[in-house]
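Down below is the structure, laid out as structure tokens.
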Amino acid sequence: MTPSQNQNHQSAHPAYQRSKSSRTRVRSASKTPRMRRIHLRRHRLRTSDVTVVERSTLQQAIGGTVVGNFMEWYDFGVYGYLAVTMTSVFTKGLPQNLGLLVMLLGFAVSFLVRPVGGVVLGPLGDRIGRQKVLFFTMGLMAVSTALIGVLPTAAQIGAWSVAPLYALKMLQGFSTGGEYAGATTYISEFSPDKKRGYYSAWLDMGSYLGSAFGAATVAVVTMIATNIAGPNAMVDWGWRVPYLLTIPLGFAAIMLRTRIPETPQFADHMKRQAEESAVMGQTAQDIAQATQSQAHDPEHPAEAFQPTEPKPVELQPLAAHDTPGTLRYVIHHHWRELLTSVAIVAATNTAGYVLTSYMPTYLEEEVGTSTTMAAAATVPVLIIMSLSLPLIGRLSDRIGRKPVYAVAIISTLVLMMPAFRLLHTGDFWAIQLALALIAIPVAFYAGVSASTLPALFPTDSRFGGMGLSYNLAVSVFGGTTPLVSQALIQLTGNHYMPGIYIMVFGFFSAIAVIVMKESSKSPLPGSLPSVGTKAEAVQLVRTQDENPLIDTTSMPMPLVTVEIPAGQNMPQQPEAIRPVTGAVSDSRQA
């Protein structure tokens, strides 16, 4: 057979045809272009990016959180207004002044534990959610408060009676360490950006109404008990009644907490975290597969497929201080915001606790009023001040948070000394005027704090940042105010020391407000915009280029994935997207 015939014979053979077809497919596959997958982040908002908060859901959220702060301050009010009475109950046999300090120390003990609650519950809320932590704090607060009403007295077990009292106050302190920080975080994340001041102020309104209700309860129980059973009735059994009332109140509050949903901002944050983790995990897998295939492909050496900028990220475990949801992360990345928050909270709470918790003791011991008058004197002022807080919050939505804080600081420095001079006249109406003067700076501080302080921190650190800064300031400065004020009076003999103490912290808060960034009407850091209606969302997206409050570079914008042939530079990107550094991988085109 000639060579030509042999070649024709081989070409006609079926096995030869299959082999030829296989070689053709191999060459075709080898020419399939490798594709580079690039992850981009949009930098223009769409209507679907904007959170629209339904009014009914917002009202449910506000009700469920306000009731917790009402309960918290109800207890503080009751303990403050019963401090003198409980001196005879738990420190029987001690001199009056020493016994009073022991009771005020119990007040301070609960605050000294609060940072522990904030450190534990704050980062926990950044990991598992706001609603779960708030449910826990409400239950613990209700149980520990009710148990105070059944404690044995000094007449029954002697000096050891203060031990279980202090233990329950510590449990209260731990729960409140997560309560206010969680509640402010919750409300601020639920509120529309343009009305955050108004809705957040309801939280502090509930707080001061709780204190007023505690004062009113003590006054009413004192009046009824003394009329029925004589002047010793409050020491014998009457002091228990205000604490036992927390059983039905606590049950109602816990039921409300079970019905509040998770905040949309936190839910979106967790959803984006899961999506981006999946994207980056797929990126790492694609890079590994591309590297392995390049190493075994002589026609496509590995160096020909190295991606251009941005380079693939080398996925490594984060250091402890770089892991969101941890205490070290908050301190390492947000220490300036922590200091700002501490200064403002200290100024707010030194004045606030003088007005609510220490004032009955001051009126009885330093001014000489009766127990009933001391308990009832602050009630009208607290009610009026509480009702004004949403109005002050709405004012801050219009003119900004910093101007409102300026009013609080100036009134602190100007009004404290005249107020304490008026208190010592002993006249009922003069006392009311003095308390109103003290309430002015408290109202302007409290009216904007619940909306301002959470805006200092991004979503992944908001609960933790609030839990640490708020509770540290309240524990060291606010909660110790009654004890420190009484000690300063006894040390110096100056009855105006509480006013001077408040003024010192007003000065430090002025420095904090000066360096603080204005947050009125702006989206929360690390969050997408939030509005009240769909029409507002459409308008915001339409005018985002002209809106100075919209900065998408600081927002968690969604990822977009595109593919381009390997070896080519990244083409000009549309205006609406930008590359994510390190989010590049290689893959074969299917």
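Note: Cβ is positioned from N, Cα and C throughout, glycine not excepted.
Keep in mind that TrEMBL annotations are predicted by a computer and have not been checked by a curator.
TrEMBL has this to say about the protein:
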{"type": "COMPBIAS", "residues": "1-11", "note": "compositional bias 'Polar residues'"}
{"type": "COMPBIAS", "residues": "20-37", "note": "compositional bias 'Basic residues'"}
{"type": "DOMAIN", "residues": "61-521", "note": "domain 'Major facilitator superfamily (MFS) profile'"}
{"type": "REGION", "residues": "1-37", "note": "region 'Disordered'"}
{"type": "REGION", "residues": "288-307", "note": "region 'Disordered'"}
{"type": "REGION", "residues": "568-590", "note": "region 'Disordered'"}
{"type": "TRANSMEM", "residues": "98-121", "note": "transmembrane segment"}
{"type": "TRANSMEM", "residues": "133-154", "note": "transmembrane segment"}
{"type": "TRANSMEM", "residues": "208-229", "note": "transmembrane segment"}
{"type": "TRANSMEM", "residues": "338-359", "note": "transmembrane segment"}
{"type": "TRANSMEM", "residues": "371-392", "note": "transmembrane segment"}
{"type": "TRANSMEM", "residues": "404-423", "note": "transmembrane segment"}
{"type": "TRANSMEM", "residues": "429-456", "note": "transmembrane segment"}
{"type": "TRANSMEM", "residues": "468-489", "note": "transmembrane segment"}
{"type": "TRANSMEM", "residues": "495-515", "note": "transmembrane segment"}
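The recorded stretches the transmembrane segment (208-229) and the transmembrane segment (98-121) do not share 3+ CB pairs below 8 A when only pairs 6 or more apart in sequence are counted, and are therefore not in contact. Against the transmembrane segment (468-489), the recorded stretches 98-121, 133-154, 338-359, 371-392 differ in Cβ pairs under 8 Å, and the greatest number is found for 338-359. Under the criterion of 3 or more C-beta pairs below 8 Å, with sequence separation of 6 or more, the transmembrane segment (371-392) and the transmembrane segment (98-121) do not qualify as touching, having fewer than 3 such pairs.
Confidence across the domain 'Major facilitator superfamily (MFS) profile' (61-521), taken as the mean pLDDT and rounded to a whole number, stands at 84.
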